[in-house]
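Q: Once you've had a glance at the structure underneath, I'll fire off some questions.
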Amino acid sequence: MATQQTDCRHFLSLLDLSLDEARALIARATELKRMRAAGQDFKPLAGRTLAMIFEKSSTRTRVSFEAGMVQLGGHALFLSPRDTQLGRGEPIEDSARVISRMVDAVMIRTFEQKTVEVFAAHSRVPVINGLTDRCHPCQMLADLQTFHEHRGDIQGKRVVWIGDGNNMCHSFMEAAQLFDFELRVACPEGFDPDADLLAACGDRCTILRDPREAAEGAHLIATDVWASMGQEEEQERRQAAFASYQVTDAIMDQASSDVLFMHCLPAHRGEEVAASVIDGPRSVVWDEAENRLHAQKALLEFLIPH
Ligand code: CP
Ligand code: NVA
């Protein structure tokens with residue numbers, strides 16, 4: 001049997017979209033948000049099912065995809081390795097062939113990027129990356145929507161990432177390429193983002209070691225936890241390495257007067273971010289979280305034939 005079963009679109013990284021498609025999705029997300037606020041029913045995905053495979057914990061991703069599918073008239077199915085054959089070693093390829101014959105799209109949160117790629121290669125329906133160790137494209141769509149709603153076009157702006165060169169950092173690097181903004185990454189040595197991705201960003205992305213210097217003139221400052229899911233045993237070592245990388249008011253004060261603060265959540269106040277920053281007037285973290293719902297509804301509408 002052929003490996004690639006259909007030519008359906010997948011969303012495994014932000015760069016699976018063209019700039020025009022990404023811009024259209026963000027605009028559509030804001031429109032769907034307005035329609036929901038106006039109490040307007042919109043159910044283009046009636047009778048459609050989204051399977052959601054979670055190999056890591058989640059609050060926002062699970063709730064936003066499940067609520068989003070229901071709001072679009074469809075249904076979402078939560079699958080965990082604990083109580084499916086996925087956890088007992090059934091090959092990803094076989095799981096993809098079987099699940100994709102029964103549902104209309106699949107969302108996967110897992111460890112390796114390769115897993116979502118293999119699943120997509122054997123799936124008849126669109127596959128969405130709900131977070132891997134490599135990137136978090138759904139969160140990036142919501143973050144881009146949030147920036148756009150507060151400040152307009154992100155092109156040409158200065159975005160500063162402070163902390164770990166992790167999956168969220170990688171998604172910001174992909175967004176910098178697609179939307180053409182300047183990205184400064186302030187991280188301690190040994191925690192740099194992926195070198196190939198850095199090279200692909202060209203002069204749009206630079207690595208700095210001093211977070212205060214990096215923050216100068218920033219229009220957006222973003223951070224994330226110091227130890228991601230799967231790195232729990234490194235927590236102590238990381239806490240020491242990142243001690244001078246907390247986003248504080250002093251760092252925010254280096255930035256542009258209209259700077260925004262973002263964090264994909266969940267956050268650890270007093271570690272990667274001071275409570276006064278995340279709970280302060282420059283923070284848009286609750287809008288970011290809410291926009292997961294609207295951005296992913298736009299994505300589901302775009303990917304699932306109806
Ligand atoms: N930001 C995010 O993806 O949150 P969850 O881990 O709760 O899904
Ligand atoms: N970098 C974090 C993001 C969680 C949404 C993690 O991978 O755990």
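Glycine residues also receive a Cβ, built from the backbone N, Cα and C atoms like all the rest.
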Q: With Ser58, Thr59, Arg60, Thr61, Gln85, Arg109, His136, Pro137, Cys138, Gln139, Cys264, Leu265 listed by TrEMBL as carbamoyl phosphate-binding, which of these, Arg237, Arg238, Arg292, is given for the same site?
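A: Answer, per TrEMBL (carbamoyl phosphate site with Ser58, Thr59, Arg60, Thr61, Gln85, Arg109, His136, Pro137, Cys138, Gln139, Cys264, Leu265), from Arg237, Arg238, Arg292: Arg292.
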Q: Given the L-ornithine site residues Asn167, Asp224, Ser228, Met229, which other residues of that chain have a Cβ within 8 Å of the mean position of their Cβ atoms, reported in sequence order?
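A: Same chain, not in Asn167, Asp224, Ser228, Met229, Cβ within 8 Å: Leu131, Asp133, His136, Asp164, Asn166, Met168, Val225, Gly230, Gln231.
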Q: I'd like to know which of the binding-site residues Ser58, Gln85, Asn167, Ser228 has the most other Cβ atoms within 10 Å of its Cβ.
A: Asn167
Q: Could you tell me which of these binding-site residues, Arg60, His136, Arg292, has the fewest other Cβ atoms within 10 Å of its Cβ?
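A: Across Arg60, His136, Arg292, these binding-site residues, the one with fewest Cβ atoms within 10 Å is Arg60.
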Q: Suppose we draw a 10 Å sphere around the Cβ of Cys138 (carbamoyl phosphate binding site). How many other Cβ atoms does it contain, all chains included?
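A: A 10 Å sphere around the Cβ of Cys138 (carbamoyl phosphate binding site) contains 26 other Cβ atoms.
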Q: Quick one: Cα separation, Cys138 (carbamoyl phosphate binding site) versus Met229 (L-ornithine binding site), in Å?
A: 17
Q: Pull the DSSP breakdown for the domain 'Aspartate/ornithine carbamoyltransferase carbamoyl-P binding' (9-149) and write it out as helix, strand, coil residue counts.
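A: Result for the domain 'Aspartate/ornithine carbamoyltransferase carbamoyl-P binding' (9-149), in helix, strand, coil order: 71 helix, 20 strand, 50 coil.
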Q: Could you check the binding-site residues Met229, Cys264 and say which one's CB has the most other CB atoms within 10 Å?
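A: In terms of Cβ crowding, the pick is Cys264.
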